[in-house]
Amino acid sequence: MTMRIKKLILHRLQMPLKEPFKNSLTTTTHKDFTLVELIDESGLRGFGETVAFRSPWYTEETSDSTRLMIEKHLCPIVKEQPYEHPSEFGKRIRDVRRNNMAKAAVEGALWDLYAKKENVPLYKLIGGVRSQVRAGVSIGMQDSISTVLEEIEQALLAGYERVKLKIKPGNDIALIEAVRNDYPDLALMVDANSAYTIDDIEHLKQLDKYNLLMIEQPLGTDDFVDHAKLQQQIETPICLDESIHTLSDVKTAITLGSCQIINMKLGRVGGFTEAVRIHDYCRENGIPLWGGGMLEAGVGRLQSLALATLDNFKFPADTAASDRYFKRDILRQPVEVDNGFIHLSESAGIGHDIDREALRLYRVEKKVLT
Ligand code: MG
């Protein structure tokens, strides 16, 4: 079905987090992002959101760079020609290097719009095989181990099935030891956000006795070779997150043996088309996936959940309920966790309506491009 984009609206939103979220590199207090709204000639609307953070600690992209990239470079392209399918967007923006989170926000809006046009849920359109996703939580760094233990207790009471701890040198072994003492059978993993180097191999070997599901991104974002060396020395599976931007990165990682698991994030790989290609390649090569979170607001949250319904997603996602991070989400029906699962809507597209009042509440800038 042909899709012609008539109008784009860029909403810049600033949503305060209920509590600051801290990892080895930064503390996030607000989610500052762009909600992309595409409107076609029949008046249908598709939504996507940028997931980049305010500073470039995670990847090189930021809230500001994604907004600029969308406005100056992607918006003019998105309206140029009609679409038979949203995957055509990737071919049209081949000359825009990297900037994957900016691309994913626009591409995500195209997919949502297309799914609404076809009157199918987005997750089914991309090939999802389940209508529910097991939910896990990521617990940011806290001032004390006892606070982490309290957070875990609350997460388990709320029904979450898997816990991820943020670690760094000096905030790792004692923390994991304490958690394992209290929760010997908990599905537990850790994420270092590149806090270690190859010189820490002996130190990281200590993790092997704690039966962790994985250690995520222990080394630098482009250290494929060093991750491979580390994986040869430790039993805990390495999961790559920040390193993976393209299918080509995945091929490098698998060829070198840099990881056993990949954390796939829609924004980081530039949208659904590339994400599905990576998913299929990983499935063929025996590398399971799971989906981490980017402190997304509602639209990004629903799109990450749609991706996590593909069959090679094997671990509970980091995509928690809306109310874990925000007092009020931008959806009329917020994302909720029910007995450890998030159920996806069977309505067309992302399946939830935008809460326009919340949009006005958080909006600091609005640009209409026709
Ligand atoms: Mg991570």
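Note that Cβ sites are derived from N, Cα and C of the backbone, with glycine treated the same way.
Bear in mind that TrEMBL entries carry predicted annotations, made automatically and left uncurated.
Annotation source TrEMBL lists active site, proton donor at K166. What TrEMBL records for K265 is active site, proton acceptor. What TrEMBL records for D191, E216, D241 is Mg(2+) binding site. Residues or ranges marked as domain 'Mandelate racemase/muconate lactonizing enzyme C-terminal' by TrEMBL: 145-237.
Along the domain 'Mandelate racemase/muconate lactonizing enzyme C-terminal' (145-237), the predicted structure has mean pLDDT 96. Candidate recorded positions: K166, D191, E216, D241, K265. Those with a Cβ under 6 Å from ligand 1, in sequence order, are D191, E216, D241. Sequence-distant neighbours of K265 (active site, proton acceptor) (same chain, 6+ residues apart, CB-CB distance under 8 A): V51, D241, G291, G292, M294, S304.
Annotated Mg(2+) site D191, E216, D241; additional same-chain residues within 8 Å of its Cβ mean position, judged by their own Cβ, are K164, M189, V190, A192, N193, M214, I215, Q217, C239, L240, E242, N263, G292. In this structure, the binding-site residues under consideration are D191, E216, D241, and the one with the smallest number of other Cβ atoms within 10 Å of its Cβ is D241. Distance noted between the C-alpha atoms of E216 (Mg(2+) binding site) and the residue listed as 'active site, proton donor' is 9 Å. Shown for the domain 'Mandelate racemase/muconate lactonizing enzyme C-terminal' (145-237): DSSP residue counts in helix, strand and coil, namely 46 helix, 14 strand, 33 coil. Around the Cβ of K166 (active site, proton donor), a 10 Å sphere holds 24 further Cβ atoms from the protein chains shown. The two recorded residues, K166 (active site, proton donor) and D191 (Mg(2+) binding site), show a Cα separation of 5 Å.
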